[in-house]
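Right, one structure below, let's go through it.
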Amino acid sequence: MAIISSVNRTCASESLLELYRSYKYILSTSFNIIIPIISLFFLVYAIKQLCAQSIIQYSTRVLLITTILFAVCHQIAYFCFKADLLYTMLFKLDQPCNLQHSSYDCRFITIATTTSNCGMALVQLAMSIDRVFALKFNRVYYKLKSIPGITLALITLSISFSMFFILTIDDPLSGYVNHCGFYPTYSQDKFHIFLDVTLYLAVFNFVFDIGLMYYSYQEILWKRSYSFVNRFQSRISLKCTQAIFIISICQCISNVLYSGLLSLLMKLGRYMSSADYNLSLSLAYTTPYSCLILPILICKVLEYIKKQRTVGILSLRNQKQSMEGHMAMINSAWK
């Protein structure tokens with residue numbers, strides 16, 4: 001059985017010490033430290049790109065930046081606990097009975113990772129809601145500019161930051177864990193429920209985004225106008241929806257992997273040794289890699305939209321359509 005936490009401080013098992021002495025695990029932990037450093041560069045670059053892009057609607061831009069800020073928060077916390085783990089493996093193995101950390105000492109890292117994982121999951125839902133506003137209330141949405149995004153971002157931030165305190169409301173944080181990557185001793189059942197809810201939310205977002213993408217395409221075709229400005233705004237709305245769809249789908253898959261694998265690992269932990277559990281955890285925790293892929297994906301999507309905008313402007317300027325052709329297009333959109 002994997003001893004990952006305890007009520008009182010316990011000495012490290014021989015198998016865990018052997019794992020900590022393993023060059024493979026040391027190299028793996030060192031690699032895990034490099035990942036957040038590299039990702040922070042791309043995350044900052046993605047924020048600069050979003051601030052410079054006028055093609056992305058204001059509200060959508062706010063939510064994308066919010067997602068990136070959650071990712072930055074996570075990567076900083078992840079770097080801190082991995083660096084502490086590496087320090088333990090290199091310099092503290094001669095104190096096997098002092099390797100564990102109290103849940104209280106790990107509280108800041110746990111708050112940061114819980115807030116970030118919850119926030120990135122909720123922002124996907126917020127971006128889908130934002131797209132619904134953009135499609136159903138197009139004129140009002142354009143007038144409000146960034147207000148819908150700011151409102152949704154504040155709600156998401158409030159829920160995400162409160163999540164740790166809700167999950168540990170009756171936890172004195174007096175237990176001990178092998179390192180700060182583990183959940184508090186007395187709250188593991190609640191965190192397990194949190195992972196299940198995250199999984200269900202990711203699946204819901206996945207299905208909702210597919211339906212929203214189909215609806216948005218039909219809605220744009222129906223609302224096409226002879227006015228160049230209206231047609232251009234429709235194209236912009238559709239391209240933004242496509243961008244959010246691509247990013248949301250990738251994030252949903254990431255959330256499914258993160259919550260599903262961790263939930264499975266927590267169930268199987270009682271049948272595993274501490275060494276096997278630690279190795280499995282380093283593989284199952286996919287969020288750091290998602291935070292690395294996220295800014296790269298955003299930059300690629302922005303580049304694609306920029307190219308499509310140029311093509312769209314040229315096609316709209318050259319487009320000539322009769323009344324019969326316009327009605328045929330509307331009829332085909334609803335078949």
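Glycine too: its Cβ is placed from the backbone N, Cα and C atoms.
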Q: Would you confirm whether, in Swiss-Prot, Leu90 and Lys307 belong to the same side of the membrane?
A: no
Q. When only pairs 6 or more apart in sequence are counted, do the transmembrane segment (147-167) and the transmembrane segment (279-299) reach 3 or more Cβ pairs under 8 Å?
A. no
Q) In the topological domain 'Cytoplasmic' (47-61), how many residues does DSSP put in helix, strand and coil? A) 10 helix, 0 strand, 5 coil
(Q) Can you work out which residues elsewhere in the same chain, 6+ from the ends of the topological domain 'Extracellular' (83-108), have a Cβ less than 8 Å from its Cβ atoms? (A) 5-6, 9-12, 17, 20-21, 25-26, 29-30, 33, 77, 171, 173-182, 184-186
(Q) I'm a bit unsure how to read this: which one of 26-46, 109-129, 193-213, 244-264 has the highest number of Cβ pairs shorter than 8 Å with the transmembrane segment (279-299)? (A) 26-46
(Q) Across the topological domain 'Extracellular' (168-192), what does the mean pLDDT come to, as a whole number? (A) 84
